[in-house]
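Data first, discussion second: the structure below is written as structure tokens.
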Amino acid sequence: MHYRTHTNEKPYSCDVCYKQFSRKENLNVHYLSHTNLKPYSCDLCHKQFSQKEGLNVHYRTHTREKPYSCEICQKQFSQKRILKEHYKTHTNEKPYSCNVCHKQFSHKSSLNVHHRTHTNEKPYSCDVCHKEFSRKCHLNEHCRIHTNEKPHSCEECHKEFSRKSHLDEHYRTHTNKRPYSCNLCHKTFFQKSHLKVHHRTHTKEKPFSCDLCNKNFSLRHYLNKHYSSHSNDKTQSCNVCNKKYPPTYDLKRHFRTHLKEKPHSCELCHKTFSEKSHLNVHYRTHTNEKPYSCDICNKEFSRKSHLNEHFRTHTNEKPYSCDVCGKAFYKKSNLNGHYHIHRNEKPYSCDICNKKFSLRGGLNKHYSIHSNEKSYSCNMCNKEFSRKNVLNDHYRTHTNEKPYSCDVCRKEFSQNSHLIVHYRTHTNIKPYSCDVCHKQFSQKIHLNVHYRTHTNEKPYSCDVCLKEFSHRNGLNEHYRIHTKEKPYSCDICSIEFSHRSSLIEHYRTHTNEKPFSCNVCSKEFSQRSHLNVHYRIHTNEKPYSCDICGKEFSQRSNLNRHYLVHTDEKPYSCDVCNKRFSQKGHLNLHTRTHRNDKHTCDICNIEFSRKVDLNTHFRAHTNKRTYSCDVCCRKFSQRWYLNRHMTSHSKDKTS
């Protein structure tokens with residue numbers, strides 16, 4: 001019997017469907033599929049099976065046992081058959097090809113399902129509502145609508161779902177993983193469908209069209225809501241304000257707004273309402289009941305309208321736009337508040353300091369200055385915050401979670417706002433412009449700091465020496481002069497620095513990296529400041545001048561050194577003989593006379609205290625003349641010979 005596995009001999013044939021088998025017992029088991037007899041039953045969920053093996057495999061859905069693992073990626077499977085199919089994902093083997101469109105598949109079952117897209121065949125139908133499906137798994141998922149079965153449960157909050165995909169989407173609300181990113185504005189989403197809807201805000205696509213008036217909508221439920229405007233051809237109007245309503249509307253309810261009649265009263269706080277539904281909603285402020293929850297982030301709301309408004313934060317849909325500047329908003333109330341900015345209205349005032357605001361939200365944020373109330377506390381470091389979203393951002397500093405990643409360079413960020421700002425380094429978009437010099441910036445904060453160069457505003461001052469700075473970073477770095485703090489250390493030579501920029505520049509002494517090059521002579525430099533100083537050789541620019549004699553210098557350090565000539569100041573003294581010098585370089589040369597540190601010529605043995613003097617002397621032996629006159633091309637071994645020679649040309653010109 002085993003030999004048939006080599007010969008592929010199958011002597012037993014089913015007389016119903018003619019399928020062939022190598023063993024008689026396999027044929028007998030197969031016959032059960034025609035009789036619809038299912039003698040094996042699961043004692044947990046009572047599902048029935050025609051084969052014992054089918055029951056054994058099914059049991060693993062309860063025990064979650066996965067005895068078969070892939071030896072390449074260690075992924076585990078409940079069935080050997082699924083493991084074999086999985087192996088094809090590593091080999092990229094696709095032996096099954098569609099004879100219509102030639103698309104290839106790794107599994108025969110995938111090809112069979114695909115083939116139905118050409119035939120439009122839907123062999124699986126629901127025996128409750130008769131809806132048809134091309135795949136059995138889709139039918140099984142659909143059937144749960146009728147049975148209300150939810151077999152997939154979240155292990156974090158125990159919420160149940162009818163589909164595994166819905167559970168996966170929900171689970172991202174716990175991990176805050178948003179795998180779907182908009183390639184235009186980089187907003188991220190939990191679900192692909194939400195990204196698809198959001199994308200229409202960029203493309204202005206409105207795929208849902210009214211077949212009565214041809215008006216287009218971005219979402220189907222907007223179209224459905226719009227359809228009601230056509231069904232209300234016969235309207236009734238209020239004889240007080242002439243407002244029109246559909247015939248099904250209870251006009252008496254509206255009429256109470258004119259009479260200011262409020263027949264419905266809250267038995268807890270005695271507040272009155274014109275409509276029963278408003279009273280019901282109000283009750284929830286006492287019970288804290290929030291029956292409407294977002295299926296994306298699980299946030300709960302007391303009103304359906306608030307849930308609808310909140311949902312737009314996920315889809316980024318902004319249906320209300322300002323007809324003055326075009327800015328769009330999620331909520332109508334936000335648009336109304338925005339209009340105050342154009343009208344320069346500030347209807348909300350602080351009852352403590354009388355400061356006025358155009359938006360209520362601005363007033364509420366302002367109140368926290370007076371109350372110093374910080375009701376949100378971090379449970380890891382106990383730091384307190386006045387706003388929940390600021391606490392959420394802070395919390396990621398502990399978890400090091402960076403859920404927002406750049407799809408260009410894969411750099412990750414803890415906040416979406418940081419990703420948006422970073423992306424401008426790739427697009428070179430600079431949306432903030434200085435209205436004085438028109439210089440552009442990628443961040444608003446950089447514009448604000450730059451603006452102080454025009455106003456000369458320096459709001460940050462050192463409390464030790466009272467020196468003032470235009471931005472806080474400058475003050476923080478300056479403060480280290482007083483504290484002698486050097487928080488940045490080189491991991492190669494352990495030298496410490498007070499500024500991070502100094503450490504980065506220092507690293508280049510190890511790597512010999514010179515990223516800044518002169519576009520005139522191509523000379524390279526490790527620091528931009530060195531390039532700027534060097535460039536003055538070409539431009540002959542000397543921006544630093546002595547206010548005593550008017551002599552000009554290309555570097556500030558040279559000017560400072562020159563000042564010592566006028567003051568006769570000699571701050572550098574030799575600790576051997578106490579001789580004083582105006583420049584540190586002169587002191588270094590002098591100390592060699594005490595050390596007897598000599599540089600000897602290996603040709604004639606003459607000794608020199610300076611290496612530069614030895615090099616100059618050495619040219620006398622080699623007859624090397626590196627300095628040439630650009631008038632007559634005569635060459636000299638030393639620069640001062642050339643300088644002396646140049647005077648002969650200047651005398652020729654004067655004569």
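Cβ atoms are placed via backbone N, Cα and C, with glycine included.
According to TrEMBL, the protein has these features:
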DOMAIN    12-39  domain 'C2H2-type'
DOMAIN    96-123  domain 'C2H2-type'
DOMAIN    152-179  domain 'C2H2-type'
DOMAIN    208-235  domain 'C2H2-type'
DOMAIN    292-319  domain 'C2H2-type'
DOMAIN    320-347  domain 'C2H2-type'
DOMAIN    348-375  domain 'C2H2-type'
DOMAIN    376-403  domain 'C2H2-type'
DOMAIN    404-431  domain 'C2H2-type'
DOMAIN    432-459  domain 'C2H2-type'
DOMAIN    460-487  domain 'C2H2-type'
DOMAIN    488-515  domain 'C2H2-type'
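Outside the domain 'C2H2-type' (96-123), and at least 6 residues removed from its termini, the chain residues within Cβ reach (under 8 Å) are 85, 88-89, 132-135. Per-residue pLDDT, averaged along the domain 'C2H2-type' (432-459), amounts to 83 for this model. For the domain 'C2H2-type' (432-459), the DSSP-based tally of helix, strand and coil residues reads 12 helix, 4 strand, 12 coil.
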